[in-house]
Amino acid sequence: MDIMNEKVKKIIEFMDKNSIDAVLIAKNPNVYYISGASPLAGGYILITGESATLYVPELEYEMAKEESNIPVEKFKKMDEFYKALEGIKSLGIESSLPYGFIEELKKKANIKEFKKVDDVIRDMRIIKSEKEIKIIEKACEIADKAVMAAIEEITEGKKEREVAAKVEYLMKMNGAEKPAFDTIIASGYRSALPHGVASDKRIERGDLVVIDLGALYQHYNSDITRTIVVGSPNEKQKEIYEIVLEAQKKAVESAKPGITAKELDSIARNIIAEYGYGEYFNHSLGHGVGLEVHEWPRVSQYDETVLREGMVITIEPGIYIPKIGGVRIEDTILITKNGSKRLTKTERELI
């Protein structure tokens, strides 16, 4: 039985334990994870007690047949798809399924009961296979090259958006399907914006510049952040940079199987707080990375998830002082048998 069918088998076992007649998978990353297909116009996997089938609109049929590891059926109208659900009383669904679609399933397919299946899919996706890790490593390699290119491109007078355009082009030239998210090039006062997507602001001498980017490669993501100074850093910039670097390094060193996401977040957060900047670290320490750039676990002060070998997460502490500037240092890391391994490897010292 191949790996895709092993995933279906685990879902069927979950169905048996929870008295679910069938499971409907509609979220694009989950459709790809289970079937190996990624229909642009969307698709639905219907898993019953004996089989799994991918249903796609007619225009996606030929491509889906080439990609899918499970049988594929096509439909012209949604009513044709609803017929495949006839006789099903209890249906497992993802929490992301739109309310309107659920109402249609009640009306058109006469579904009486809906049960959430997010946990079983999340528990499978949260541990990466060797194949997945190799793909993510390549995505990280592309991101590393892009960060170095950004550092070279950043000069006084250049627009943030110009730098972003260059590095996004480079990522595609190096094999990325596209950026994992809108590239952040945030300079000067904008570096204090954690999600300061590249703008028309011109970079100035003395600016802190936060570079946050990622590459999507063969459906998997990477994520990296580095912060530089244009010209020579002042004492305040050096101070907050060294604090963030200390917190980031300590968290990476502490990441290992058995520690909780909450404990890991606290390690970095406490270091920043001890230096008096706790109020300026206003987001979680990190997040899982895989088919989605933000997925489980949430490496936050509220997440009790126990880290396990094979998880891929980010470690990204920051200090953001409004109207002055900010610093963030982020790596994508792999939880290994005895610790962790940085998958993004660009130098972390202040440039």
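Glycine too: its Cβ is placed from the backbone N, Cα and C atoms.
Residues annotated as Co(2+) 2 binding site in Swiss-Prot: ASP212, ASP223, GLU330. Its own atom aside, the Cβ of ASP223 (Co(2+) 2 binding site) has 27 Cβ atoms within 10 angstroms in the protein chains shown. In the three-state DSSP reading, ASP223 (Co(2+) 2 binding site) counts as coil.
According to Swiss-Prot, the Co(2+) 1 binding site annotation covers ASP223, HIS287, GLU316, GLU330. The Cβ of GLU330 (Co(2+) 2 binding site) has 26 other Cβ atoms within 10 Å, all protein chains considered. Look at GLU330 (Co(2+) 2 binding site): DSSP puts it in a strand.
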Chain-mates of ASP223, HIS287, GLU316, GLU330 with C-beta within 8 Å of site centroid, Co(2+) 1 = ASP212, ILE224, THR225, GLY286, VAL289, ILE313, THR314, ILE315, ASP331, THR332
Inquiry  = Going by DSSP, is GLU316 (Co(2+) 1 binding site) sitting in a helix, a strand, or coil?
reply    = coil
Remark   = Fewest C-beta neighbours within 10 angstroms among the binding-site residues ASP212, HIS287, GLU316 belongs to HIS287
Message = I need the neighbours of the Co(2+) 2 site defined by ASP212, ASP223, GLU330. Which other residues of that chain put their C-beta within 8 angstroms of the C-beta centroid, in sequence order?
response = ILE184, LEU213, GLY214, ILE224, THR225, THR314, GLU316, ARG328, THR332
